[in-house]
Amino acid sequence: MERYEIVKDIGSGNFGVAKLVRDKFSKELFAVKFIERGQKIDEHVQREIMNHRSLIHPNIIRFKEVLLTATHLALVMEYAAGGELFGRICSAGRFSEDEARFFFQQLISGVNYCHSLQICHRDLKLENTLLDGSEAPRVKICDFGYSKSGVLHSQPKTTVGTPAYIAPEVLSTKEYDGKIADVWSCGVTLYVMLVGAYPFEDPSDPKDFRKTIGRILKAQYAIPDYVRVSDECRHLLSRIFVANPEKRITIEEIKNHSWFLKNLPVEMYEGSLMMNGPSTQTVEEIVWIIEEARKPITVATGLAGAGGSGGSSNGAIGSSSMDLDDLDTDFDDIDTADLLSPL
């Protein structure tokens, strides 16, 4: 870990806190997610690492490596300087249809790539959609903690995700197609970009999760009169927000929809852009590191001594000056099975 120095805190998420770091040799910036060793290294963490490392696409945050400190597991990944798409919408209120399409095209490109590798995300939302720092921002999907691989796992049947984005079939305890559920979540993202509000929240009581779930189950939504949305876009949304997953539009059909194809960037016709190769760490190395991280730790404080840096005070990861904030719980990410009382 000695090769990285900490620049600043950049937030907290489902499993830990994140820091912006700089590679001392290349000067490249990376984001590092720190997860406390021991019980917090659960199946979600392992799934996130193993699925994320296999994904190499311009619209997905690039996984670099996983490392151990004395007290934490550290996930090193690409840094998205543009922040969350959520923040951009909060600042703008809502996007024009052209701007919403620009971001939606990239989102679908990244999700389609995941699905081509039999990986469904299962927690797609604006907060998990980052932007790079370029003038025409590139979408970067992140946070694969809830993702499920069709190669490694059976069809998902657990109720996970964020209530506002969750598909009707996910609310049941039966198996469902995670890819089709991802389509629904992409539709919610598109709607929020266009309208500046969630499609299934009751405008008079947006915090009532039971009302939200009731509207989701009925696919009950409306586009406000004050928002100008083309008929083509309305048609696409109506094909996404279909309660029966068997009748819902697929990613492939979205890619061929007339609204989606308008102003489609050339590189999306030609396939993925050239990207850096996969992590240099082997699967065996990563599995060993994860298993080590699961073992109870005996170190009493901080990140001191990680990577053998001992008591250095230069701000490098693992130095004794390192101070991690307490992990925050993301209360938006809840098991909605707890909400399923009679409507």
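The backbone N, Cα and C atoms fix where each Cβ goes, and this holds for glycine too.
Database features (Swiss-Prot):
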{"type": "ACT_SITE", "residues": "D123", "note": "active site, proton acceptor"}
{"type": "BINDING", "residues": "I10, G11, S12, G13, N14, F15, G16, V17, A18, K33", "note": "ATP binding site"}
{"type": "DOMAIN", "residues": "4-260", "note": "domain 'Protein kinase'"}
{"type": "MOD_RES", "residues": "T158", "note": "phosphothreonine"}
Conformational class of D123 (active site, proton acceptor) under the three-state DSSP mapping: coil
Whole-number Å value for how far D123 (active site, proton acceptor) lies from S12 (ATP binding site) (Cα to Cα): 16
Protein Cβ atoms within 10 Å of G16 (ATP binding site), excluding its own: 22
Pairwise Cα distance for G16 (ATP binding site)/D123 (active site, proton acceptor) [Å, integer]: 17
Cβ neighbour count (within 10 Å, all chains shown) around D123 (active site, proton acceptor): 22
All-chain count of other Cβ atoms within 10 Å of S12 (ATP binding site): 18
